[in-house]
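Have a look at the structure below before the remarks.
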Ligand SMILES: Nc1ncnc2c1ncn2[C@@H]1O[C@H](COP(=O)(O)OP(=O)(O)OP(=O)(O)O)[C@@H](O)[C@H]1O
């Protein structure tokens, strides 16, 4: 096996390897790295940038999420969780595919959206001195947020229903495996890019629904939690928060007695968020958004959402309102589960043919127009501003254009106002998973899905949790092979284990940290951003964001 001398390199498009499916270990050696990325970013979030990449050995295309360690600083726990949840999910997906493979012949195929097909899959991960790197399925640049905004709102029958059904199915899958997503929102719903490896024949050319539903992928597991015990952390995105999450607003500051009195929340928060998203798809604006966050949270607590009079009288929407009524139940214990909702007539039996509509769902009940008269501001009927992830898609462009920079920064600040700071996370014991890889390649295809899962990468083409010192480089291929070591197969613990309390506090104090012998000087980046940064708003989240902008400017230059 040839030795790769670096983990990844960034290439100009003109030298991008052709996707001819004739990759080999020699190609990998030629590029002297396991992955090559395109220069341009597909998108970016608070702590990360996502780029298209290609495995040099298999020539398969993926998304590479580069989480910058200097930006996560004391929040490494978030990335640890994301990696461990994604690793668990990917392993479960493989297991399910194998099980279904056996049962597939006897199945009666209607339009079924298999939940696990709609959850972002992790293929590989590794670490460099600067980044934690995740290799996942590649998705299109237009996400659900763009889809809604470009169209004004989505069509109830052909889009809202099938997209909701896909998401319900994904939630059923996650919740049955004790995973709470906690950040379900339009920006985190992506659409799989069709590649040679994942596409099969479309099952129904006469489909009466938007077939892109088959490509829908729930992404961004940055806030996901794998737990039975629930949580009291105040995290998420304001417009999508459930009342029980709003109740945790001051949890990080509360005394241990107050903290203990707070009811831990669970998977029901995702069902509430699904209701918000379903409403946003159908209306093009948000149900609870007001001028101020405190008013928005007040309306959420009362489940007081804006209802358009015409829509409330329209017969076509009666199942929609009834479905929302179930999602927007204030009491989390009374709220319908994803499983219950899959037998609601809004989506059943059309998208859940194995279930019967629940006769207890009251469709005759008209939604009450419940907007409180006492409110000082009206419900906002504007579409919400995009959360940080893609406001900054053109960030490096805007930084080169001084006149648009302030506008972009303001957009980002506005978004961050709506996107909660994650600083309220209380440290909880690490959730360490020792997940077995699912194993076995799956070239099985289901008549009910337009996709088969991409095959697993062969072990020789994986970084598999390696720790490599090489930062992103522009094809200089100079890194010594001695700088990387081979990771073990079940290596979530290897990565997690290197981020202990001591390393986190060392990072906080700006000390130089050794990651398995490779030193990482957190103070260097931090100081650089301090010296170049003009005064900014007092928000912690905005500061973090700004640090990122400045750092990217430095990198681009
Ligand atoms: N698999 C993918 N394929 C294509 N684009 C992607 C993929 N994953 C993420 N992106 C793009 O990158 C952006 C940021 O990704 P992601 O939301 O995972 O990052 P994040 O740092 O967790 O963001 P957040 O600000 O929500 O915390 C997304 O909004 C999307 O535009």
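Backbone N, Cα and C atoms are what each Cβ position is placed from, and that goes for glycine too.
Feature annotation from TrEMBL assigns ATP binding site to 65. Residue 65 (ATP binding site) falls within a strand segment according to DSSP.
Among the features that TrEMBL reports, compositional bias 'Low complexity' is placed at 528-542.
Sequence annotations record features per position, and here TrEMBL assigns domain 'Protein kinase' to 36-347.
Positions annotated as region 'Disordered' by TrEMBL: 357-393 (among others).
Among the features that TrEMBL reports, region 'Disordered' is placed at 522-547 (among others).
The Cβ neighbour count for residue 65 (ATP binding site), using a 10 Å radius and every protein chain shown, is 30.
Note on the domain 'Protein kinase' (36-347): mean pLDDT across this stretch is 88.
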